[in-house]
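In Swiss-Prot this protein carries:
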- 1-32: signal peptide (SIGNAL)
- Cys51-Cys67: disulfide bond (DISULFID)
- Asn66: N-linked glycosylation site (CARBOHYD)
- Cys83-Cys163: disulfide bond (DISULFID)
- Asn95: N-linked glycosylation site (CARBOHYD)
- Trp109, Trp172, Glu210: NAD(+) binding site (BINDING)
- Trp109: nicotinamide binding site (BINDING)
- Cys144-Cys157: disulfide bond (DISULFID)
- Asn148: N-linked glycosylation site (CARBOHYD)
- Asn192: N-linked glycosylation site (CARBOHYD)
- Cys238-Cys259: disulfide bond (DISULFID)
- Cys271-Cys280: disulfide bond (DISULFID)
- Ala293: GPI-anchor amidated alanine (LIPID)
Amino acid sequence: MAAQGCAASRLLQLLLQLLLLLLLLAAGGARARWRGEGTSAHLRDIFLGRCAEYRALLSPEQRNKNCTAIWEAFKVALDKDPCSVLPSDYDLFINLSRHSIPRDKSLFWENSHLLVNSFADNTRRFMPLSDVLYGRVADFLSWCRQKNDSGLDYQSCPTSEDCENNPVDSFWKRASIQYSKDSSGVIHVMLNGSEPTGAYPIKGFFADYEIPNLQKEKITRIEIWVMHEIGGPNVESCGEGSMKVLEKRLKDMGFQYSCINDYRPVKLLQCVDHSTHPDCALKSAAAATQRKAPSLYTEQRAGLIIPLFLVLASRTQL
């Protein structure tokens, strides 16, 4: 009986261990499959809301965009395997949402997303990709279908590290190509000179999808702004490191270009939140004018005193 009891006890322990193993496997299966963020909550509502709001920014002849049709065209990618979505899957979406970009208003960027959005000021100053309709509806969002199901995956979505043809990267590739083709006049580019890997990513959306699709006959020149973060390192500036690669590439392509370190209007915007930082101690002509103002005022007063005495003297004689 004792032997039978021990055998039963060992069997129970084995069953418990097996159950624990099954639970661990189930928990592992529930973990995020992909490296990226899952589908944004309320994706459809956000998309349609942004689309409806953006139409007011368009010229009257372009405001007849059908947001529902644009969503349905976008949703085609949500019906595909999350590693089998191609840039061309967004062709209809782009065609339905595309509109003209004002001349001289295009603003390309790398590693400066928030600063670009702030400086563009909702299309008032510039119109970067995130401020055209097809970019606005997807900015800062994530989306994908579940791997083996038709529902959306709210837990994780693939990045380029998981697979090349993922929904989000393919979207921005297609959008970047269209944005480049529609840009004209003076092309502006904002790069991050504090980025550890260099201001100009040799492999990136700007290098791989935007520069190759610029329409040379529509472009006057390219103006590059290399911005440095307030208090951050000065890793690269114009003519240094990866910037030399970019400048040579543009020159070889026949583009006229210029490069400016810490473009003043953008620098002033950066300093709004860092007004007391040494990087924001601007030595401007205005400050020099203010310092000289008292002496100028004194000279003006002195110049007025002599005529005043003459007037008083003439009245006394009368």
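Glycine too: its Cβ is placed from the backbone N, Cα and C atoms.
Where Swiss-Prot records a feature, it is marked here on the structure.
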| residue | record | DSSP class |
| --- | --- | --- |
| Cys51 | disulfide bond | helix |
| Asn66 | N-linked glycosylation site | coil |
| Cys83 | disulfide bond | coil |
| Trp109 | NAD(+) binding site | strand |
| Asn148 | N-linked glycosylation site | coil |
| Cys157 | disulfide bond | strand |
| Trp172 | NAD(+) binding site | helix |
| Asn192 | N-linked glycosylation site | strand |
| Cys259 | disulfide bond | strand |
| Cys280 | disulfide bond | helix |
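Note: the NAD(+) site is recorded as Trp109, Trp172, Glu210; in the same chain, Phe108, Glu110, Leu129, Ser176, Tyr179, Gly204, Phe205, Phe206, Tyr209 also have Cβ atoms within 8 Å of that site's Cβ centroid. Within 10 Å of the C-beta atom of Cys83 (disulfide bond) sit 15 other C-beta atoms, taking all shown protein chains into account.
Neighbour density for Asn192 (N-linked glycosylation site): within 10 A of its CB lie 24 other CB atoms from the protein chains shown. Taking only the Cα positions, the spacing between Cys144 (disulfide bond) and Glu210 (NAD(+) binding site) is 24 angstrom. Per Cα geometry, Trp109 is the residue among the binding-site residues Trp109, Trp172, Glu210 nearest to Cys259 (disulfide bond).
Put simply, Cys238 (disulfide bond) is 20 Å from Glu210 (NAD(+) binding site) when counted between their Cα atoms.
Cys271 (disulfide bond) and Asn192 (N-linked glycosylation site) have their C-alpha atoms 16 Å apart, to the nearest angstrom.
Least crowded of the binding-site residues (Trp109, Trp172), judged by neighbouring Cβ atoms within 10 Å of its own Cβ: Trp172.
With a cut-off of 8 Å between CB atoms and residues at least 6 apart in sequence, the same chain places Ile224, Val226, Glu247, Cys259, Ile260, Asn261 near Cys238 (disulfide bond), listed in sequence order.
All protein chains shown were included, and the count of other CB atoms within 10 Å of the CB of Asn95 (N-linked glycosylation site) stands at 12.
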